[in-house]
Amino acid sequence: MENPEKDRGRRRRRAVVPVGATGRGPGLALRLPIWTPLLLLGLLMTGLAQVPVPASAPRGFWALPENLTVVEGAAAELWCGVSAPGSTVQWAKDGLLLGPDPRIPSFPRYRLQGDPTKGEFHLHIEACDLSDDAGYECQVSRSETGPELVSPRVILSILVPPKVLQLTPEAGSTVTWVAGQEYLVSCVSGDAKPAPDITFLLSGQTISDISANVNEGSQEKLFTTEATARVTPQSSDNGQLLVCEGSSPALDTPIKASITMNVLFPPGPPVIEWPGLDEGHARAGQNLELLCMARGGNPLATLQWLKNGQPVSTAWGTEHTQAVARSMLVMIVRPEDHGARLSCEAYNSVSTGIQERGVTLQVTFPPSAITILGSASQSENKNVTLSCITKSSRPRVLLRWWLGWRQLLSTEETVMDGLHGGHISMSNLTFLARREDNGLTLTCEAFSEAFTKETFKKSLALNVKYPAQKLWIEGPPEGQRLRAGTRVRLVCLAIGGNPDPSLTWYKDSRTVTEPRPPQEPRRVQLGSLEKSGSTFSRELVLITGPSDNQAKFTCKAGQLSASTQLVVQFPPTNVTILANASALRPGDALNLTCVSVSSNPPVNLSWDKEGERLEGVAATPRSAPFKGSAAARSVLLRMSSRDHGHRVTCRAHSTELRETVSAFYRLNVLYPPEFLGEQVLMVTAVEQGEALLPVSVSANPAPEAFNWTFRGYRLSPAGGPRHRILSGGALQLWNVTRADDGLYQLHCQNSEGTAEALVRLDVHYAPIIRALQDPTEVNIGGSVDIVCTVDANPILPEMFNWERLGEEEEDQSLDDMEKISKGSTGRLRIHHAKLTQAGAYQCIVDNGVAPPARGLVRLVVRFAPHVEHPSPLTKVAAAGDSTSSATLHCRARGVPNIVFTWTKNGVPLDLQDPRYTEHTYHQSGVHSSLLTIANVSAAQDYALFTCTATNPLGSDHTDIQLVSISRPDPPLGLKVVSMTPYSVGLEWKPGFDGGLRQSFQVRYEALGTPGFLYVNVLPPQATAFTLTGLQPSTRYRVWLLASNALGDSGIADKGSQISVTTPGLDQPSGEPDYQLPTEQPTGNLKPIVPTGPSKLPLLPVLFAVGGLLLLSNASCVGGFLWQRRLKRLAEGEEGPFPCRDGGPGSEEDRVRNEYEESQWTGDRDTRSSMVSTTDVEPYYHSMRDFSPQLPPMLEEVSYPRGVTGLKEENMAFPGHVYDELERLYAPSGAWGPLYDEVPMGSCDLYWPEDRYEDARGIYDQVAGDLDPMEPDALPFELRGQLV
């Protein structure tokens, strides 16, 4: 294995390397012999750390620290080897002692490295920073073996490299410079130690013109270097980098920052590429394309073309890869471009001037046109004189004449200067026109050697004039009768003539033209001149009309002419009716004259009015146009308002033509407004809807105003929030209310007079119940009407309907009631009122206008008091020791309110006696009286108390016997309700509990098997129980025992025992349709279900063992409860109650001995007043639309120790008398109470929330007066005296 000391030596050589040394200097070689014995000594002392060195051992350093230089962030280690047993070694930094603790807590990056037992106390520093740049000493404290030792002070130098270079302009950016200009660039290094060196490189070449300054850094010992360079970029530097490099001993490679140079310089001169050899020569019409190029430049050159100094193209393109700019000039050379100078200019943003290259155009162009002056039309045998002139051309052209294929000699030629440096040529010609030359082409031709491939000509047709030879007309023969509307074709023909004869038509000396009215058919069609050989023709097509009758049509050609005449038959051209008056009124006489202006042949005139023929008188006609006949006829009429708008028609009939022409005259009779027979006098509308009162009126002129009035008030013609008068006078109403019902008067007026009409608006609206007597009361057996009065329109005979509110269908039947409806009043008549008819009724009125009206009313059936006395005698038990109290409950039903009175043994009870306190409660038809007797004495209070309930209709009473507390009576009505081979379901009615809480126990035996089995019923107050653990096909005898603190009821009563035989396994079980609540026997004994006959002998043994265990447990529990009961009785506490200081609730909480008797159908049951009434018919039911629940009577509130779960059946008093009334209790504000009810105190308002869950349970739980007790928990002295 390698020696650790050698390894540490190597580490030391790696760490302690002076700046610029190689790590193997002479100093290190000189110290190696000194280290050798120390290393050997360390090997000998391995494992003996902290062993004292004998006093004779030498003290001193065997390894000394040296100056060390490290880069920031690296680790450093200063060596210190000490031979000083018993001394403390620590390091000092710039005189500050770091402490002997190897961890050096004040400097987390410092620690002592090495084995102290070997004298190694090397200072190791992690992640060196500038704060570590200091002087260090290794110090050894004084000891018994020698004085203190201090090593030579060494320097730890920390090299800090520059982190960043800040270049101006910003590093990484692109700067734009102009070539040849000088710029300053500065570069500043970040903090460093030592100061870094800065160098500038321009396009990879070092810049020599640099000035540098070294400045102090942001901290002590740090420095920055700022260098500035002067740069003059050239075009070759474009796109190159200018780099700033910073170098330092602390850096392996220099850090750099650079900018990119964008050097701007001007482009080279432009060059024009000319197509062809002759620069500048072009021909007019040539498509000339000239390319201009300029190379170099940053940015590349901007090029533009100029023509005579004016820009003609500023579009150019650039190619950056080739550094060239190009611009193409495309132009069509025109004659006017001759002598124009085209130039291309190149420049950019750094150009000192514009560089140009230009060329001058030399344009060759022919004459653009040749013109012949003079007329080529001449009469035969006369001279024709013409001149031929060319437009400007370059070079000039020569002219020559041609007639057909024959060349004519010109009489004179002239040359003149023209436009654009060209010349104009002119030639004159004179020759004789002959008939045979007619139609030949006369041509002037221009030619030149410069345009050998082109010919320029101008031609004319020679026209020699001579006259026509013959003219005639072709058409219908003269004298033929033509019907108006007939199409007639006339043709004019001529032979010979030049120019072609101009054939012109005339009608009665007027030129015939072709009229073109925009909306009329063309009656005249004038054809064009047509030529066929030497024959010329022109036709005239006519649609004959009255104006063509006996008209003369003439065709002329120069001096020649031809004529024809037409005879046309036509109906009357116009039938006109003339009147002697324009303004007509009823009674006026009107004379109408009908005139037929012209017809051929004559016509007959007749009159009629709206189909009724009128007799007329012939009149003298006027002269007729178109050489036809005229006629006239008159008629006399007497006017009435009914004639207004009628038409009087005149008919002109031609027998020969079988055609009639008619005209009518519309009568305009002025008369005042008159209402028509269809005028509506009654309008029906629905409330909140719209109504339209129409107007059917006739008047001439139309009515000027329609004025509506309602109840003496005029409705605004401009309209209002709920009305508008339409243009025809109709009145429109919206959001109609019943207040708008009534007569509306309409007043119409025009210039001739006025008229009035009455229109009734009948507004239908939904019914509203105005009167409904609530409540409606009636004595039982009496008759009464429930009256419902409504306001509605319309009132219909069958609009009243009645409903009875109830959940059951039989509750809603109205078969025994009579419904009566008369006008706005509906009645529900009840004969022989019964208690079952009491409740809520709903009056529903529907007259067809939604919504129907609904009103609720309560029917109260008044009846005499009926006291609830379930059995002839109710018993209440109390201890007669003058310390207990008793509360007697008396509850009765009756309407109106009941007054209670009490007697004791037939003597009225003096309620002024402070021992007697009565509280009376009234809740709808149920009334209660609670008589509390304080300090019950056996001698004074064990008596028969009688409660009498009285109201105006009668009275009723019940007797309550106050007795001493005793053992409970046996249960009653024990019966089987279900049966299986292994179980029997039992049910019973509890008997009188003797004034104490009672519980039940089942005793049974299997016949033929000795011994009895006992099972406690749980919960103790249950009245149903399932006895399990039985055998199939076995007869059992079952007893039910009741017990309280004073003992049990015994088994002598026949109502508490029953015999039963379980069915076999193959027989169906006697299960009822419903399953009563069952409890497993979890009391004192859990019977074992036998699995077979072999197990039966074990049952007595098991029950005996179980009984012993049960008795032992009961004795322990009984002792504990006895001690607790004595403590409670000594403290006078009976348990927590909601109220302790007065009020009916607090008194009932203190009562323990209230009982009453109930009447049952078929059974007698004497029970405590704590019995609940869950099975009694409910007093309240949910209404169909809502289900409010009536709060319980105050005396019905369940107390913490009440016996619950007991049931009553078949009470003699009907429980649904006020079903419908009492279920309306909850909705506040629905209606007030029927009678005054006793207010409740703060304690009276405490109702448990669960009492509102089901209306059937309002009276389920009666106050319990005793605490739950274990058997025999009542002391004997408190049991009272038996009477």
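Positions of Cβ are set from backbone N, Cα and C atoms, glycine also.
Remember, TrEMBL labels are computer predictions, not curated facts.
What TrEMBL records for 52-151, 162-260, 269-360, 367-461, 467-567, 571-662, 767-848, 865-966 is domain 'Ig-like'. For 970-1065, the entry in TrEMBL reads domain 'Fibronectin type-III'. What TrEMBL lists as transmembrane segment is 1098-1122.
Each residue of the domain 'Fibronectin type-III' (970-1065) gets a DSSP state, and the totals for helix, strand and coil are 3 helix, 50 strand, 43 coil. When the stretches 162-260, 269-360, 467-567, 571-662, 767-848 are ranked by Cβ pairs under 8 Å to the domain 'Ig-like' (865-966), first place goes to 767-848. A mean pLDDT of 90 is what the model gives for the domain 'Ig-like' (571-662).
Here the domain 'Ig-like' (367-461) is broken down by DSSP into helix, strand and coil counts: 9 helix, 55 strand, 31 coil.
In terms of DSSP helix, strand and coil, the domain 'Ig-like' (52-151) has 6 helix, 41 strand, 53 coil.
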